[in-house]
């Protein structure tokens, strides 16, 4: 037995191949499981619909009789409070209706003539009158802030804001109750007070526990200002929800996402106040938690050695067309002797505008398919085709669809099968159960795959064209909004992008020249932002990468990311795994 084990060739590549076979079998099992689940869900839904139709036909009369009672007791659109199963009571509904319907249109002083006063009310003394005037001025100022926040809100957003406001207040009340409890578990004041306050309107609800006293707790201006801080961030959150079409399953998830958004928003704001190399901005990742980022960015698949030997043609730099490899020094000086300082394939008209992979983990498909599009345009007089990422997601058996993959395996699929036109096989941002490449009328095929080492990147870009690279992404990378990224990365490669060029710029001109690519005109913008020159104003070197997070991310869908002069420092992993298609 020992002799048999020695004979077996358990090399690293063999183990990786064995691991891949196991992963492929799991993928097949998952597809079978999905089919079974869809079948079960279909039968279940049919049964539910049948039951509902039967129940509706039997209860038409009872629903008609009870309709008037339901309308008087609740407000449509306001969901139940999470956890207690109770609808908002009538007083709370009227309060929220007043705040989000009447208040924004009002501009009244709470001390005005429309405030009802007792007939026998005592005349205020001079000191009380001054305090009231000061409070009224503060209230008017806060009222203007409120109007600015909710001016552009739709009715749905105001309704959602009401829900969130209630949850925030409820949370603060629970915290206050815990602070007031003595060691024996008794409340010191024996009551719970909910304050919903805006200028010109104070609402107080007192819920007595043991004490039947109707004493009310006055609302301070500081409490009102704290409320407006929450309104400000909530307003930004709802703008984010509308822009990126976010919808959450319930108020609990919405509150959790709001918490993530506020934390990320403050991080972005703090970063932009200090960093001079790159800026962050709110984007589709702004409601992500650390756990969400870890789930979205998964480690790319490994490549066994035997597949590299079978398919990869190592890049061989040509020296003056003589077909000899360039001999490079440790500094890379000879390698870069005759290359330009700046190269941008967007300006050469062969780079498609960035697409959007959505919530599907298919970055590897977009990087590889985009690479094929560039190479085809380079060799066919700048004819840019739109090829199908969805075909590669569904049909490449060596990849795992939305669960991850690698550009290298996409190139292998293109060698063996070709890649379909995008119009024939449109992107769905999800795994189809079956490969549907029978739809394809025309395809682009490859002959082989090229491989590049980290110290050959600059020359390969000049001689070959754009190449596919893998990077280690963090939340810093995800929030990129412009400039030259030099933030934190991971050693684990978890995202694929397309490298389309490189450049250099003085530090003081990062946001002034060559800053953001204008996809409408096909030229670089100038003069967007500028910072004062520094005494030690050095040169900043960068790569230009095309991402797959839509043209609204980063600099119109692209990123400038830091590098050293030779381009071999593998910052963020650029240079560790580099491949390109050979037509």
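Even glycines carry a Cβ here, placed using N, Cα and C.
Keep in mind that this is a model prediction, so the values were computed, not measured.
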Candidate set 9, 70, annotation N-linked glycosylation site, source Swiss-Prot, matching residue: 70
Listed range which Swiss-Prot flags as transmembrane segment, given the options 35-55, 77-97: 35-55
Distant-in-sequence neighbours of the transmembrane segment (35-55), which means Cβ under 8 A and at least six residues beyond its ends: 433
All-chain count of other Cβ atoms within 10 Å of residue 547 (active site): 29
Cβ-Cβ neighbours of residue 495 (active site) (radius 10 Å): 29
Cβ packing number for residue 363 (active site), 10 Å threshold: 27
